[in-house]
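Here's the structure, in structure tokens; my notes come after.
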Amino acid sequence: RRGLSTARGSEPSLNLGGIFPPLATPFSPTQEVDYAQLEGNLRRYASIPFRGLVVLGSNGEYPYLAPRERVEVVSCVRRALPRDRLLLAGSGCESTQATIELTVSMAEAGADVALVVTPCYYRGSMTTAALVHHYTEVGDASPIPVVLYSVPANTGLDLPMEAVITLAQHPNIIGIKDSGGDITRMGLMVYKTRQEDFQVLAGSASFLLASYAVGASGGVCALANVLGDPLCQLDYLCRKGQWQEARDLQHRLIEPNMAVTRRFGVPGLKKAMEWFGYYGGPCRAPLAPLSPAQVEELRSTFSANGWL
């Protein structure tokens, strides 16, 4: 019953091990950022043993926020967050220059780490060389450590393995959040970067246990907005080597996680949050609310797995 072990010879400069919820951004009925509701959610999350929080990821409706709002959200979360909890902030833009500028702003607002999604609008031109150049420039200029972010379901672009291996050697690039779900790829990333100060984070609760089994350090999981304690328990069980209990728990998390990600997306995530005492509220248009039939399907998914 062995727990997780790292192949790395020395401890990472900044330990990313553990669970990070990628926070949903609360909006008022008029679709303005609702900072009071955000603070209310943060108070509830404070009792859950998260390693930290991710702000302005895909689940934070990052593309729909103005630059000014992005910085204000990070400032709000930083004020409410204990200093021992890490704050990762999304700062990836389409151009290298804009990414650097926003990354600097995120650092000034109190982020500990910048989470930088792959630029993808001209995805046909996003070669390994172009992406390595982009991230190297960002890593060089960033006053805080950088975590790469590959989310092909949203960008249509997988950050190439060769780029990851090269970028892992950069002293200011400390990890990757990989949401693709390819466990072979994740295991190879861990193995190929084992000599570097570099950590791999699972980008979804559906494959968290499998990711840990191949050496991932932690997880950035949308479902943690809803079921934070069970995901932290799964993290604990894996670290303690209690694999049978971990497997049983992982099985019960797969369908709810798929429902709040691939199936119903952010509107589904926000609806589920409300059943567990958090503020979900509306999404920003053009994201549409769930239909009554979809709400019922979502609820039955949580119920069937014993969560409601």
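Sequential numbering from 1, following the chain as shown.
Including glycine, each Cβ sits where the backbone N, Cα and C put it.
Because the structure is a prediction, the values reported are computed rather than measured.
Taken from TrEMBL, the feature active site, proton donor/acceptor covers Y149. If you look up TrEMBL, you'll see K177 marked as active site, schiff-base intermediate with substrate. Positions annotated as pyruvate binding site by TrEMBL: V220.
TrEMBL feature annotations superimposed on the structure.
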residue : record                                               : CB count, 10 Å
Y149    : active site, proton donor/acceptor                   : 28
K177    : active site, schiff-base intermediate with substrate : 27
V220    : pyruvate binding site                                : 29
Give the distance between the Cα atoms of Y149 (active site, proton donor/acceptor) and V220 (pyruvate binding site), rounded to the nearest whole Å. 11
Reported as an integer number of Å, what is the Cα distance between K177 (active site, schiff-base intermediate with substrate) and V220 (pyruvate binding site)? 7
